Structures are given as structure tokens and as C-alpha cells.
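J.: Handing you this structure, nothing more for now.
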């Protein structure tokens with residue numbers, strides 16, 4: 001039987017104050033008004049559809065027309081209770097009627113345990129409860145599918161869901177706040193599986209803003225700023241890699257890392273295309289790892305990506321999150337580890353992102369002397385707030401678990417550790433002890449590192465920390481920050497200063513090449529020749545080398561060999577492996593044409609390929625990287641000849657002698673102390689003709705005799721080519 005007559009009751013309309021808040025978008029519990037509610041022997045159904053011309057409740061085979069009361073509120077009183085299920089048939093002007101389950105009849109999708117853990121900052125899978133999640137519920141009338149939305153905005157006056165589904169209308173989908181948690185929630189039936197959405201937030205400051213979801217898994221392609229509902233059906237093929245990762249300790253393994261900015265490596269490639277081309281290239285060049293500059297969504301394509309606006313979404317510029325998974329999967333199946341740059345130090349002030357999210361300082365510290373980073377014009381996270389700390393720790397775990405990422409390189413750690421970092425006198429506030437240390441940031445970093453290594457054994461966390469803060473790579477249980485490694489910024493600055501000088505003057509700066517060994521084992525180091533050295537007028541590694549092209553090429557080859565031989569892991573920014581001559585620019589990709597035009601670039605690229613092969617095969621270059629037992633000087637003091645020489649030792653008993661001639665002239669009859677007599681094979685000569693060098697060398701090896709030298713029982717006489725490196729191993 002069809003019924004369309006209107007039924008009335010005394011509770012048809014809500015209280016005027018309730019109605020006013022609903023219309024204004026500031027009602028904290030719209031579910032208490034909308035949906036089905038029993039009053040005596042009646043059930044009242046209310047629906048808030050401001051632009052509808054007709055709303056009908058479908059109860060089984062019966063139809064009940066809702067009366068339009070005011071301002072888009074429709075209601076009907078049904079003459080019975082114990083309503084099990086119903087649908088709404090909504091008609092808009094000029095449109096066909098459409099039938100949908102009522103969003104305001106569903107229970108919250110977050111439980112008390114989830115909210116409690118979040119409030120304490122201890123929810124290790126927070127991304128599974130906040131954000132947007134496709135869900136299905138079985139009802140009396142069948143399965144209802146849709147998307148649940150949840151967002152933290154504790155000081156907001158009201159929050160509504162807006163998107164393509166409702167014409168970006170801020171009235172039709174008001175959300176409810178779940179008690180004192182500050183989490184606003186709504187399940188919306190039939191929401192498109194890849195639909196765009198935002199949250200309309202009525203801020204505590206009276207300003208209404210449309211915000212991207214802080215936990216969005218997907219986004220519109222910038223410069224558009226909406227979030228996109230995203231789910232994954234990706235099937236991984238890297239089981240062997242992941243099983244092996246859990247058993248490894250990266251500190252004691254080979255790690256030579258190729259640093260990549262995806263947008264400018266070869267412009268125009270998608271994640272899926274990069275899965276083929278980038279993977280093949282890295283395998284060919286012999287790197288063990290790739291480090292991706294920030295892949296989390298950021299507004300400006302021409303940037304490195306360090307001002308993140310969607311921490312849980314891989315940038316949509318190159319494809320979907322599953323496409324990014326395919327890139328990681330391909331690298332893993334090729335034996336390449338994947339590190340991503342992660343930016344928990346600060347975030348941009350874009351009005352649609354995290355800043356002043358609910359009209360108050362929420363993710364950022366409320367004190368401007370702590371909550372703003374003056375150098376970058378960004379906000380600083382409030383590391384002491386449990387919910388903010390949980391947002392960041394869970395984000396680290398999200399990348400490690402959901403995308404199988406093998407490591408996080410944490411950007412700008414020094415700016416987190418010091419309250420007075422880059423601040424003028426009087427522009428910062430001390431900690432509770434009167435010091436400059438940011439104690440909350442220290443606790444956050446310790447928690448992040450400890451949790452990440454617990455949840456994902458075998459991963460690596462790397463700090464970009466430019467000061468002498470003690471214990472960066474010391475375990476947290478003995479007071480350290482808990483990082484696996486840190487960038488050795490001192491080594492980078494000293495080395496580049498030295499090799500940039502004309503060889504005539506290098507002898508006066510010999511200490512710049514020896515100083516790093518005074519502290520080489522105080523932390524677990526990565527030696528970075530990174531993106532920071534090819535931008536802002538710094539030129540390139542090639543451009544730093546003095547002399548003509550022949551001398552520049554020799555200088556760059558010897559620098560790279562020195563980097564790979566020095567204790568610590570290696571990192572090299574893209575393009576430097578073939579001696580790119582032009583500074584990086586967001587306007588173009590790498591200058592691959594150099595490989596077609598001159599032998600110097602081909603020679604440098606061949607050298608990097610060979611030193612990576614030698615490096616992986618010789619544990620002396622990596623297995624004792626972090627202990628003094630892995631290194632000893634042969635001669636640190638030959639400044640007159642601009643020569644450095646040292647031994648590297650492996651945990652398997654292997655040895656490697658390394659000698660570097662940074663003079664512009666060759667040295668003949670150069671006696672080098674060695675640990676044993678016999679034949680020593682020249683496994684690397686950076687001046688070899690295959691690298692477009694001059695071909696000066698030792699015919700593949702030398703014979704060491706029992707003539708003590710440099711405090712060692714044996715020695716050999718060598719020819720040292722100009723601006724070169726030689727690596728020798730016992731034959």
C-alpha cells in the first residue's frame with residue numbers, strides 16, 4: 001500500500017534555538033535533531049535538505065511525504081514506533097528523485113577506545129579511524145555502502161561535510177562532535193568511492209573556512225586543494241624483501257643512496273612509468289637505496305616539497321596512492337630500498353590546510369615564539385600536545401606500513417631541537433628549566449623513533465641535524481634521540497670547501513679533509529652530497545671544481561671516490577652521478593643530453609656505477625662503518641703533496657687501502673705503508689681511460705715488500721695520477 005498523506009505531531013519541529021544552530025552550521029549534535037526519533041507512540045523523521053523540493057520517507061512499501069517546515073528542514077510524524085529501517089527519496093528542482101539511506105540514523109563509526117587512545121596520543125593506527133573510509137552496513141532493507149568521515153576540531157563551533165556530492169553546500173551534511181574528544185563524525189551513504197570533499201569549519205574565531213582533510217589518503221591535483229576519498233586494492237609482490245628487512249640492521253650494511261626529486265628526474269613520468277624507468281636506472285647504476293624528496297602532497301610543484309599540506313597523501317601529480325605503491329614495489333623487487341623525506345618540523349600557513357584549523361592554534365603551538373618558524377614563514381607543530389604528537393607518530397608509521405617505506409629522512413631536526421633556532425634575542429621562550437632545548441620535541445622524536453623501530457623492524461630513520469646535539473643516533477633507552485643515522489653536515493661543508501680550492505692552495509687547508517675523522521664514530525653518519533648543494537646559487541658539484549673540463553672531471557671523480565671510501569653511508573643527488581653542469585631548476589629536468597655530447601659525463605657515470613659495484617662487494621667499506629675498528633690512517637699528514645691515505649677493514653677480515661692525490665700533478669715513486677707484503681690489486685683508479693681520465697696508473701696492481709713505512713710492516717711504491725683516487729686490495 002502506498003501512503004503519501006502528511007502526518008503531524010507536537011514534536012515535528014525542533015526547538016527554535018536548535019533550529020537556529022542547525023541552519024547556522026554550528027550544531028554540535030545534528031543527529032539529535034535529524035533522522036528518526038521516537039516521541040510517545042510516534043516516530044518523527046527529520047531531514048535537512050535546503051535545496052530539495054520534496055522529501056519522502058520510504059518505509060518498506062509505504063511512502064510518507066515530509067513536510068517542509070522552514071529553511072530546508074523537512075519532517076513527518078509516523079503513527080508507530082520501533083522503526084527498523086527506512087530510506088529517503090529526495091527530489092531537487094529539475095532533477096529526477098534519488099533514493100538514499102538517511103545519514104543521520106547511523107551510530108558513530110569511532111569507538112570509545114579509539115577516542116581514548118587518541119586523546120592520550122597513543123593510537124598507532126590513527127589513520128584507520130580519522131579521515132575518510134569507505135564502509136558498508138547491513139540493514140533490514142539491504143546493504144548500505146558509503147563513506148565515514150572524522151576530523152579533529154575541538155574548538156570549532158560547527159563542522160559540515162562538503163563536496164561534489166552536495167554541490168559544496170555547507171548545510172546538507174552537518175557533522176556531530178563525539179563528546180569531549182573534539183572529533184567530528186559523519187557517515188554518508190552512497191558517497192562516491194573517489195569523491196572530492198572538504199570540511200567546512202566554523203572556527204572559534206568566527207571565521208568560516210573550507211579545509212582539506214588532515215588524514216586524506218588522496219587529493220586533487222594541485223593547485224586544486226580538495227581531498228579525495230581513496231581506498232587501496234593493491235596486491236604487493238615484495239614479500240621476500242619485507243621478510244628480509246625485518247632481519248636486517250641497516251647500520252651494518254651497504255647503503256649508497258640516490259636522492260631523487262620525482263618531478264624533475266625525467267619530467268612527465270607517472271609513478272607507474274617511474275616504476276620501470278627509475279628502477280632500471282638505479283639498478284644499472286648500482287645504488288642500494290633511493291631517497292625521494294617529500295612525496296606527501298604539497299601545493300607548489302616547483303618546490304622540493306618540504307611545505308606539506310596533506311601528510312597522509314602521496315602527491316597526486318604522478319598518480320594514485322596505489323600507483324605510488326607500485327613504484328615502491330618495483331624498487332623492492334629489484335633489491336632497492338626506499339627512503340622518503342619526512343617533514344614533522346613545520347607546515348605551511350595555507351588557509352585550507354592545517355594552520356589555525358578550528359579557528360585556534362591547534363596543530364601549531366599557541367605561543368608565536370614557539371609556533372612560527374620565521375625563516376620559512378611556516379607554523380611549528382605543538383609537539384607537547386598528545387593529539388598532535390599522535391598525528392605525527394602515526395603518520396610515520398603510516399608510510400612505513402601502508403607503503404612499505406624502508407626509511408624516513410627527517411628534515412630540519414635542528415629547528416625542532418632548539419627553541420632559539422634562527423630567532424632574534426627576545427624572540428623565543430625558554431623551557432621549564434630555563435634552557436634553549438625544546439624538551440617536547442625531544443620527547444616526540446624519541447617516541448617516533450622507538451615506535452617506528454618497534455612496529456617496523458629493519459627500517460632506518462635518518463636525521464638532518466646540523467648541530468652537535470649529543471646522542472642523535474644513541475638508543476632512546478640510554479637517553480638518545482633514537483635515530484639510526486644522521487647526516488654529516490660537517491663532513492660535507494669541509495670536503496666541498498677543500499675540493500673547491502685550486503690545488504695550489506689545498507695544502508694550507510689539509511685539516512679540512514682530516515678533521516672529520518676526529519668525530520667520525522661519535523654518531524652513525526650518512527655523508528650527503530644532497531639537493532641542498534645544487535640550488536640557491538650554489539651551482540653543482542661539477543661547477544665547484546676548479547680548472548678546465550678535464551681537471552673538473554678528475555676532481556669530481558676523486559671527490560666521489562673519497563665519499564664512498566670515507567666511513568659512513570653515501571647519498572648523492574640526482575644528476576651529480578654524471579656531472580650535471582647546470583644548477584637544478586624546477587623549470588626543467590636533468591640534462592641527460594650531456595651523456596650524448598661529451599665523454600666526461602659518461603666517464604663520471606661509469607665511475608659511479610663501478611664504485612657502487614666495488615662498494616657492495618667489499619664489506620671493508622661498510623660493515624664496520626660506525627666503529628674505529630673499521631678504519632685507520634696510513635698517512636693523515638702529507639699536506640705538502642695533498643695526499644691522504646687510510647685503511648678500511650671489514651667484519652669478515654677484509655681490508656682495503658685508499659689513497660687520494662688532490663694535487664694537480666702526479667706523484668711518482670710514492671711509497672705507501674701497507675699491512676702485508678705481496679700483490680695488491682688496483683680495484684679502482686679514477687684516472688683510468690674508461691672514466692675519460694688520462695690513463696696514468698699502476699698497470700692494475702703493485703707488489704708490496706717487507707719494507708716498513710708509515711708505521712706498517714710492508715709498503716709499495718705507487719704512481720699517483722693527478723687529482724685521483726686509488727683503491728687497493730690484497731690479490
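Cβ coordinates come from backbone N, Cα and C, glycine included.
Note that the structure is a prediction, hence the values are computed from the model and not measured.
Pasting the relevant annotations from Swiss-Prot:
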type: ACT_SITE; residues: 411; note: active site, nucleophile
type: ACT_SITE; residues: 464; note: active site, proton donor
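Show me how these features fit into the structure around them.
T.: According to DSSP, residue 411 (active site, nucleophile) sits in a coil region rather than a helix or strand. Neighbours of residue 411 (active site, nucleophile), defined as other CB atoms within 10 A of its CB across all chains, total 22.
Summarising the environment of residue 464 (active site, proton donor), the number of other Cβ atoms within 10 Å of its Cβ, over all protein chains shown, is 20. Annotation note: residue 464 (active site, proton donor) sits in a coil segment as assigned by DSSP.
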J.: In whole Å, note down how far the CA of residue 411 (active site, nucleophile) lies from the CA of residue 464 (active site, proton donor).
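T.: Here the two Cα atoms are 5 Å apart.
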